[in-house]
Amino acid sequence: MTPITPMTPFSPVSPTAEAPALARRRRVYMFAVGAGTLLVFLGSLVASPHDLYLRSFGPVLVLLGLADLWWLWSRRPLHVAEYGGYAVLAAATMAQIALLSLLPVPPGLYPNSSPYWTLVCTCIIGFLALPPRWAWGANLALLSVCLLVPWLTLSAYAFDHPLLFLRLQGSVLIVNVLLGSMVTLRTQIVETGRSEQTMRVLAFTDPLTGLPNRRAVSPAVEALLADHQRGVPGTLHLIDIDHFKHINDEHGHDVGDLVLMDVARLLSACVTLPGDALPTVGRWGGEEFIVIMPGTDRTLSQRRATALLQEFRRSSWPHGLKVTVSIGSSTVATDDTFGTLLFRADQALYRAKAAGRDQVVLAQET
């Protein structure tokens, strides 16, 4: 007997759905980390003897950047690289601003803005890598430290050109708030889209078997009727599991659910043959299933339904059960509607069950 591999209940979220997005993020991070590491390395080579930050922290940042690149390239967990990169950049930015605030600053026309634009880049990574609430909390804390330290230390870095320095800090603050708002809005839009997609899937899918439900198979039937107008035959099968109530009563609903899932798998695997037009298999309700088969005339319909009965007979089922089905089949006729086509299939199914079940009955031609 042919064993049936159990189906798993339908899940609206595919485990591989985000793989392409994660791969793109990984490539973007590799480019950004590689470019940043190269810039720090070149900056360290040409740094003046007075640039204590680059001469002291540059080699450390290069090593950490190379480690991050290796982590990304070896396809290790992406969130570790994101969180680690954010922490390193945040620490480096605070260290640079602290050094500029505590050490004598060479006089100049404008305050050194480079650490604050590094701060912007760090906050961008925070908004992209961290959950929204964490990102806002971490970035606001980082901004508070970096904006207040130069003033609290009464440093020449802030007080040599206080208005220019305030303008610089204000620009950085505004840019970060705008970026954070945009990222938050985008996140909300994406989550709303995912929720809507999940609701659409749930609305058109049977949650137990993963098959299309009544609402979802209707377009396939309408297409079958439209094909008939162009001279293409088509058939609708209604399939009912024999004595399913007895299976539920005798073995429990858990076993009944296993049978339903296995029937769905078997139908999905058996109704398609090489070269055939793609059929639609759906759960019609309870223990009833529907199969819409385009390009199938009355003779081929009977042959395919009979082969399906044989497949059910020789398959093995949960708990050693014997599971058979009755099939009512109707071929599209002139002036058919969804209702008339379904009615004839339902009448044929009724006759199949009345005649002893485990058989196929073709609806009378009109």
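A Cβ is built for glycine as well, from the same backbone N, Cα and C atoms used for every other residue.
Just so you know, TrEMBL annotations are computer predictions that nobody has curated.
Positions annotated as domain 'GGDEF' by TrEMBL: 232-365.
For the transmembrane segment (28-47), same-chain residues at least 6 beyond its ends with a Cβ under 8 Å from one of its own Cβ atoms are 54-55, 58-59, 61-62, 65-66, 68-69, 72-73, 78, 81-82, 85. Annotation source TrEMBL lists transmembrane segment at 28-47 (among others).
Annotated transmembrane segment per TrEMBL: 53-73 (among others), in sequence order. For the transmembrane segment (53-73), same-chain residues at least 6 beyond its ends with a Cβ under 8 Å from one of its own Cβ atoms are 26, 29-30, 33-34, 36-37, 40-41, 43-44, 47, 80-81, 84-85, 88, 92, 95-96, 99-100.
Remote same-chain partners of the transmembrane segment (85-103), defined as residues 6 or more beyond its termini with a Cβ less than 8 Å from a stretch Cβ, comprise 29, 33, 52-53, 57, 61, 64, 68, 112, 114-116, 118-119, 121-122, 125-126, 129-130, 138, 142, 145-146, 149-150, 153, 155, 157-158. Among the features that TrEMBL reports, transmembrane segment is placed at 85-103 (among others).
According to TrEMBL, the feature transmembrane segment maps to 115-131 (among others).
Remote same-chain partners of the transmembrane segment (138-159), defined as residues 6 or more beyond its termini with a Cβ less than 8 Å from a stretch Cβ, comprise 86, 90, 93-94, 97-98, 100-102, 104-105, 111-112, 115-116, 119, 122-123, 126-127, 130, 165, 169, 172-173, 176, 180. Per TrEMBL, the feature transmembrane segment maps to 138-159 (among others).
Feature annotation from TrEMBL assigns transmembrane segment to 165-185 (among others).
Sequence-remote contacts of a segment are chain residues at least 6 beyond its ends whose Cβ falls under 8 Å from one of its Cβ atoms, and for the transmembrane segment (115-131) they are 79, 82-83, 85-86, 89-90, 92-93, 96-97, 100, 138-139, 142-143, 146, 168-169, 172, 175-176, 179-180, 183-184. Within the chain, the transmembrane segment (165-185) has long-range Cβ neighbours (under 8 A, six or more residues past its boundaries) at 111, 113, 116-117, 119-120, 123-124, 127-128, 132, 135-136, 139, 143, 147, 150, 157-159.
Computed over the domain 'GGDEF' (232-365), the whole-number mean pLDDT of the model equals 91.
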